[in-house]
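Working notes, beginning with the structure itself.
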Amino acid sequence: PILIFAFVMFAVMVNAKPSIDDAEMKREPKPNIINAPCSGCYYQVGNECVYDKLKCGPVRK
């Protein structure tokens, strides 16, 4: 009985961690919705738009 109890507790602990990660992953896209999606010569890195030199060449001033 002790081994069964330990196995159940282990399974619960292992299953609890991915649910926390899933919650963080689901929470992450929200800032992208607040900020307009990057368009044209920009691509998204985290919550920032970065200029794509390869696609559009040097930055125009």
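Residue positions begin at 1 at the first shown residue.
Keep in mind that glycine also has a Cβ here, set from the backbone N, Cα and C atoms.
Per Swiss-Prot, the features are as follows:
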- C38-C49: disulfide bond (DISULFID)
- C41-C56: disulfide bond (DISULFID)
- 1-19: signal peptide (SIGNAL)
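When secondary structure is read from DSSP and collapsed to three states, C56 (disulfide bond) falls in the helix class.
Cβ neighbours within 10 Å of C49 (disulfide bond), excluding its own Cβ and spanning all shown chains: 17. Classification of C49 (disulfide bond) by DSSP places it within a strand. Over all protein chains present, the Cβ of C56 (disulfide bond) has 12 other Cβ atoms lying within 10 Å.
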